[in-house]
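In Swiss-Prot this protein carries:
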- Ser63, Lys64, His136, Thr137, Tyr254: substrate binding site (BINDING)
- 1-24: signal peptide (SIGNAL)
Amino acid sequence: MTIFKRISSPALLALALFGGAAHAALVPPQGYYQGIEKLKTGEGNFRCEAAPKPYTGPLQFRSKYEGSDKARATLNAASEKAFRTSTEDITTLEKGVSKMVGQYMRDGRPAQLDCTLTWLGSWARAGALLSTDYNHTGKSMRKWALGSMSGSWLRLKFSNSQPLAAHQAEADLIEKWLSRLAEQTVRDWSDLPLEKINNHSYWAAWSVMATAVATDRRDLFDWAVKEYKVGANQVDDQGFLPNEIKRKQRALAYHNYALPPLAMIASFAQANGVDLRAENNFALQRLGEGVLAGARDPSHFKARAGKKQDMTDLKVDSKYSWLEPWCALYHCVGDTLERKHDMQPFNSFRLGGDVTRVYDPSAESKK
């Protein structure tokens, strides 16, 4: 099937028409080729839980910031509880797939792989998460889930152990569904005004990038790169993102939250011969350095955002998962490298699981 037959979005069509000549197949960073860590015999104590019910309803969810002012920085406990309840099956799928893929890549037990394929296959057959009846929180859940699933899928797809070789029909079904989700995600997040482009758009672009490589879709890859460039060019000379500064007391936390998708996109682009490191005068490096400095002394963020910073998230090691791809891009040394080593291993289900095993596998053996 040609790229033109698959495209249903004007944004993707434009990229397809002007994307140039044919390219080599898309690939992930080198760490995704790793095989099973240590093949275990027997079933062990792994038990395949029943798959969460495929979510096929409208993607209309309450925001956990419901009722907050325009800074969107104050949690609403009641609406957060409603959000968690209504999205529970989606989050269970994300976390479950990430965990099972991690277990399989560690142990190689067939039951772990079979369960992963059963879960994803049931959602793919149901056409889950494809509703076009959605609000902002709903389309946000769609792209988060897509990034989680495609990020995990990459570890199976490209592993030298070739776990999907004996499951090609199921893999094709799942990848077709991931492609459809990516196409809808492109429609969801294209053509936004600059003042509306923030961390959500970066996470959408990461989910599309992961899917692009998992399904070898150059049109999706090009869209993700385009969105990355928009994000990188939002970083000002001081390393701030104006649309995250608006989050007032959570400005620093949201700068930190913007980094994982941007760093992953740049890493995947580099693996395919597209070097984004210097975009907007090394914006990604500047952003990361600013967050690391802010985590130590948030006074600059307080001055810029006009509020004392909420440091809760900045004390959680896993929130710095972006350090793995970022340090691979910019070759961290000294204090930054030491901080990374102190916090490893990094595991983020929204990035597909154990990012330390992908980017710095020798570090895990030292723990």
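From the backbone N, Cα and C atoms, a Cβ is placed for every residue, glycine too.
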If you count Cβ atoms within 10 Å of the Cβ of Lys64 (substrate binding site), leaving out that atom itself, what do you get? 19
Using a Cβ-Cβ cut-off under 8 angstroms and a sequence gap of six or more, which residues of the chain neighbour Thr137 (substrate binding site)? Leu59, Gln60, Phe61, Arg62, Ser63, Phe83
Tertiary neighbours of His136 (substrate binding site) (same chain, Cβ under 8 Å, six or more apart): Ser63, His200
Number of Cβ atoms other than its own within 10 Å, given for Ser63 (substrate binding site): 18
Would you mind pulling the longest C-alpha to C-alpha span across Ser63, Lys64, His136, Thr137, Tyr254, which the record has binding substrate, in angstrom? 17
Chain-internal residues, separated by at least six, CB under 8 A from Tyr254 (substrate binding site): Asn198, Asn199, Leu241, Glu244, Arg247
